[in-house]
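Per Swiss-Prot, these features apply:
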- 1-29: signal peptide (SIGNAL)
- Glu125: active site, proton acceptor (ACT_SITE)
- His154: active site, proton donor (ACT_SITE)
Amino acid sequence: MKKISSVFTMFALIAAILFSGFIPQQAYAETTLTPTATNKTASIQLTSDVHTLAVINTFDGVADYLIRYKRLPDNYITKSQASALGWVASKGNLAEVAPGKSIGGDVFSNREGRLPSASGRTWREADINYVSGFRNADRLVYSSDWLIYKTTDHYATFTRIR
């Protein structure tokens, strides 16, 4: 009789879970992990920003994200944030101290004037196609009024993509 009671209890529990609408993946999909820097140690901050779960680091992916959300994806951190985590550019250790992260969001000065200027316009840059080791020459440069350019030769030439 005890065995039948246990089987019935297990069946009731499974039925309750199935009919409650609980889907474990929903709980995961609503949680985004966002690293934040605190004195060379990384901590995790939970947010409900579903669209930033994936690493986005291609020209089109980042450009589309910028246009849609008016900010870089969460896998981007500034040079100062990376430095706080222990990044040293000359060591090429970003992937070691901030796995899955790319450098982006710092001001691009446009000193050579290769990009169009306008009153009040500022430019920012983001590394593209970074996986590990030393940063490459691919950059996306975007303006405060959402002009977006790419360079594959470390700022020698630019092509407007948005």
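Counting begins at 1 with the first residue displayed.
Glycine is no exception: its Cβ is also placed from the backbone N, Cα and C atoms.
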Pop the Cα-Cα gap between the residue listed as 'active site, proton acceptor' and His154 (active site, proton donor) into the table, whole Å please.
11
Taking only same-chain residues 6+ apart in sequence, whose CB is under 8 Å from that of Glu125 (active site, proton acceptor), what do you get?
Gly104, Asp106, Val107, Phe108, Arg139, Leu140, Val141, Tyr142
Which state, by DSSP, holds Glu125 (active site, proton acceptor): helix, strand or coil?
strand
